[in-house]
Amino acid sequence: MKQTKGKMGIREFAAILFLLIGTKITDDTPTYLYSGAKNAAWISMLLISMALIIPTILLLKVLSVHKGKNLHEINLYLFGKVIGNMVSFTLLILGLLTIVMDSSVYVDIIGTMYFTKTPTIAIFAVLMCVSAYGAKKGVEHIGSVAWLVFFYTKVTLIVALFFTFKEGNSKLLFPILGPGVGGIVKTAAQKLSIFGDFFYAGLIAPFVATFKDFRRGMFLTYLILTVELTVALMLFVMLFDFTSVEILNYPFHETIRYIQIGFLTNVETLFFPFWLVATFIRFSFYIYLFVLLLGGIFKIREFEYLIPLVTVIFILLGIAPETPLITISENRDMTLQVLSPLLFVLPCVMWIIAKIRGDFKNESSV
Amino acid sequence: MNPLFKLFLLVPILFLLAGCWDHKEIERKSYVIGIGLDKGKEQGTLEITYLIGNPEVGSQQSGGSSMEEPSELITINVTDYISARNIANSVIAREISYDLLRVILVSEELASDKDFLRFIYGTVKDREIKRSTQLVVTKEKVGDYLKKNKPKMETRPHKYYEYMIDRGIETGMIPDSELHIFFRVTEEDAKVFLSAYTSSETTEEEKQGPTQDEFYAGQLEVKGETNRTEFFGSAVFLEGRMIGKLNGEENRLVMLLNEFSEISDIITTFQDPFHEQYQLSARIIAHKEKTVKMELNKKHPKIRVTLPLKVEILSDPSMTNYVEKKKETAQLEDYIESSMEKKIADLVERTQKEFKAEPFGWSLYARKEFKTLKEYMTFDWMKTYPEIDIGVKVDVELGEFGRQPKIPGFKGVRD
């Protein structure tokens, strides 16, 4: 099966990004923010968004003068063959860690909150196989499916958040600065990588119909996701208060189990399927990005044939740890912290090199 | 089509498999509506009573004519309610499910125990127990309570508890005591948690008097052929342990002052200021936001609360016709204000002296006064509360005077 070489429009691209980062609010990502910034986690989120705006603009600048090239190809061009490959390889390893750990977290959510008796390996296998199938279909298909389910997932999320708002109390957000400015800034700096997916999105830049669409898609999702994540972080505190929200593993799932819609109780069954679909799309895209980068580094043109193999590796790595909950949360925290400075610095370095090499001059002359 | 591709098409079917492990026929499950917790015979054990609903009774299929009982009770002695599920299966034929659990009943004896917190935190571990489950304290042992509590009309237990508690919250006789609130308040560690208080036992000193909400559950005299279980007043929990109780009236005042309450239908009585032998029925409506002003940074912290209320006088036993008399109306307004203020002041004093923590949720207003959590923690709201100078002002605005405001004078009719 040859990969389709069609292009994505802004809708599909934006939908992928929305689902990719939007679902983070539903896993254990909020816990990492709450543990550092307590009830002021939402301020940390705003700071993250503000801090990353510069690298994102710089990245877009660099990408704009290398239209048709993906992130890896630009890395090779800017840093030379050896260092470029090393940079990409680092990104690949971090991507691998992210996929393995995120998938463990999602399997844990499904296993502990919904299907308690199902063996972990079964959930893992199903999640990964479905995602691999999605990835095999190519990024255009992932985009179409993402756009297809985009409204359903967002509407259910908004409904859930609205009812959370009704149950919550805004006074629980105070004292407004939480652990103090130091704590907020520190948490923000350590957890910058929440928006790391924007950087990885550079890998699919050539697949988006026009560069203008790519840039607009980035900015649009950037803005809306900032609002979405910030509001969600505020709402969880408004519902649970800062001491409780910190010890909850998955605040979103606790929320949908708690809220009632009118006379309807047990509404989590309403939200769960949509969340599940979003999860499948997210991992499909992750696997796709991974093999894309892998294929780029090792010069494998038919990289989609790698998908079944990598999927098996992911499953094996995912089920390897004995008590996943403990190992994963430690390592995940560490990965987030390692990834954070890298994602901030790398676009800046890329821009500086591009500047020195005079790439931008060509642009202005054209 | 490529055969490999066809094979991939089958992959989504795997998805169905995952559901099958957790698949269970409704018929094979036994739905627990209420869990009762009593102190066990030995240290560290619990006596658990399951109130199991019978889905067959009152359902459409059986046309409501099933001969089976609407509910079933079993009591066992175990260490916690997670392992209790399997032990209960030695008596119950079906798998025990907490999916429809509505209420956790705890006896006063266990709630006052220092180990209560250890037992109640088991609920966050169980997947099926929701944070919206109500926590209710019973005066007697829960086992006896449930045996005695046989509602005449709402025989299906899930409806009975749902309606009883919802209505109690609306009238303010009992607080909303979801586990969610219990955990939030206990973990915040700044105020007391109020839990609904109930009893099916009748005390000897039953009361029935002009002031009808000053009782605890079990004290109100009710005659007739009815279920004698009362939901009245609240149990006060400090740091996850019951330390006292509030009667119906005190609970209503707390609910009026509290941020989170959903009290919406309060009808109470005031003494007629001009005729001692009569009581005026009045509906109280909290129509405006209350204001809470705090001065916490000084040596003598102060709180000033203004509670705006709309009061509708619904009865006029003295046949005074307040609506026509401006002077009397103004006096009546003042009288209601001062009598409520006095009651609130007494209640505040009681919380400061007896409980040493507040049920009003003022800690939330206090939090606004601080910039960081550290400052707030150093201030230590709970420790400071008993020394704070608190003043509550009630601002009454008289509303309607019943459907027909004017009635003929007593003397005019009896001449």
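Note: Cβ is positioned from N, Cα and C throughout, glycine not excepted.
As written in TrEMBL, here are the features:
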type     : residues  : note
TRANSMEM : A:42-64   : transmembrane segment
TRANSMEM : A:76-101  : transmembrane segment
TRANSMEM : A:113-133 : transmembrane segment
TRANSMEM : A:145-165 : transmembrane segment
TRANSMEM : A:192-211 : transmembrane segment
TRANSMEM : A:218-240 : transmembrane segment
TRANSMEM : A:274-298 : transmembrane segment
TRANSMEM : A:305-328 : transmembrane segment
TRANSMEM : A:334-354 : transmembrane segment
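Listed as Cβ neighbours of the transmembrane segment (A:42-64) (distance under 8 Å, sequence separation of 6 or more from its ends, same chain) are residues 33, 36, 71, 74, 78, 173, 177-178, 184-185, 187-189, 191-192, 194-195, 198-199, 202, 205, 211, 214-215, 218, 222, 226, 229-231, 233-234, 237, 343-348, 350-351, 354, 359-360, 363. With a cut-off of 8 Å between Cβ atoms, the residues of this chain six or more beyond the transmembrane segment (A:76-101) that come close are 62, 66, 69, 200, 283, 286-287, 289-290, 293-294, 296-297, 314, 317-318, 328, 331-332, 335, 338-339, 342, 346, 350, 353-354, 357. Counting Cβ pairs closer than 8 Å and at least 6 residues apart in sequence, the transmembrane segment (A:192-211) and the transmembrane segment (A:334-354) reach three or more and so form a contact. Long-range contacts of the transmembrane segment (A:145-165) within the same chain: residues 11-12, 15-16, 18-19, 22, 134, 228, 231-232, 235-236, 238-239, 252, 255-256, 259-261, 270-271, 274-275, 277-278, 281, 285, each at least 6 residues beyond the stretch ends and with a Cβ under 8 Å from a Cβ of the stretch.
Sequence-distant contacts of the transmembrane segment (A:305-328), counting only residues of its own chain at least 6 positions beyond either end whose CB sits under 8 Å from a CB of the stretch, comprise 99-101, 103-105, 107-108, 120-121, 124-125, 128-129, 131-132, 135-136, 287-288, 290-291, 294-295.
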